[in-house]
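For reference, the structure discussed in these notes is given below.
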Amino acid sequence: MTSDGQSPSTSSGWFLRNFHQNFLNTAQSIARDEGLNAIREGQRLTSATSAHSSGRRVTSSDSEPVVAIEIESEGDSLTRSMLGATTTRHRPASIGSTSSTNSTQDDGSLHNASSEEHLTPDRGSSAFFHSLLNRLGLLIHESEIQEVAAVILMNVVPLAVLVFCKVLIANFVALFTIFMASGCFNMANLAFMACSRGRKYLHLAQATFFVQLFIATQCFIYGPDDAILPMIFILSTPTVPTFFSTLHGVLITDFSVRLVTVQLKVFVACIPPAILSNKRRLRRIYQWMEYTSQLYRYLLPIQRWYLYLNDKQSSSLAVYYFDVVLVVLYIIYKILIFRMPLTRWLHSTRYICRLTSIGSVPSLAELATYPQCTICFSEVTGPLKLPCGHVFCEQCIGTWLDNENTCPNCRAVITLEDNAWKNGDTSYLPQFC
């Protein structure tokens, strides 16, 4: 109940009706005022035109000035126009003033035309809407509107701030771990990608540092079991999972697997060239590791979302059957989407140890035609001739075809392979479901 004995719903309904009635009254008054202003403007222009015509003097045969037309006063004509009877009294002019009258009538007609050009519909409509906006602004600044705004500011804003602080404090650890996981993964991935541009082992050490920092922080906050075991499909859920706890667990596990993927790529990059000298094979290993990580991360969230959707503690039979339907739909969705990552992983696994031939060894005559590699601009080492006939270094053309599918010179299609993730990059897209 409010201070005047009315309930909140009654007060709000009264305010809405009052606001609606005030708006209609304001619009009607604006329309009425604009109509009156248009009538006054038209009458003023008519009076000015008539006064211009009546101001002329005609000359009779005895050269005596005679006033030809007498016009009513502006106030009388305005009164008559408001009453719907705009009449003008005329006195007959002298017969000898015919030629002069014709000339002055031409001047009056020109003046009327120029006056009608200024009174255009666009100008009147813009003035009407401008006045309407001004009246609406005045209506908004009324005391009732200000009181409602003050009530909203006093009741809603403080509560929203308190709820935000409560949620922030209650979920501070979860938000901190998510932001830390995102930052550590970003820094580790950037450091690993920079190792191919020089100072290799320094960048690999930086990537390892960020990976270990995240794992150590997770073990310190949640313990080794909750930090490591979820990555191998082992969950400890003593309480019923909520939506936000499920989403947090999915994101943290996804970041953990991606950071472990970066760490495994660091180990592969540290393999000495004596063991793994073929750069094409190394890049295919990077691609296979990334596709394996994506396939694994695709399967990880299934267990958590199944536990959330299948609420076994519900006592309602309708809720139980509804949860079963949700679980079935989720499983169908995962099965339909599973084909894409599985196909890419199988394709990458098939080509990881089998390097397709992209050319042949050129003869001495062909090598004399191409003594310099057009990719590295050095003497050809380990020459390889493409089907189009151009000769390049085997290492150079292998690196080129890991990113492109055409010849660097003639753009002829050489091979059609999947070149994604061969540079060692790791996907930034999290697996939510």
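Each Cβ is built from the backbone N, Cα and C atoms, and glycine gets one as well.
Look at TrEMBL and you will find 45-63 (among others) tagged as compositional bias 'Polar residues'.
Under the heading compositional bias 'Polar residues', TrEMBL lists 76-87 (among others).
Positions annotated as compositional bias 'Polar residues' by TrEMBL: 95-113 (among others).
Within the chain carrying the domain 'RING-type' (373-411), a Cβ under 8 angstroms from the stretch's Cβ atoms is held by residues 279-280, 283, 358-362, 366-367, 417, 419, 422-423, all 6 or more beyond its ends. Residues annotated as domain 'RING-type' in TrEMBL: 373-411.
The region 'Disordered' feature in TrEMBL is assigned to 45-122.
Per TrEMBL, transmembrane segment is recorded for 201-223 (among others). With a cut-off of 8 Å between Cβ atoms, the residues of this chain six or more beyond the transmembrane segment (201-223) that come close are 173, 177, 180-181, 184-185, 187-189, 191-192, 194-195, 252, 255-256, 259-260, 262-263, 266, 269-270.
The transmembrane segment annotation in TrEMBL covers 318-337 (among others). Same-chain residues lying 6+ beyond the ends of the transmembrane segment (318-337) with a Cβ under 8 Å from its Cβ atoms: 298, 302, 305-306, 309-311, 433.
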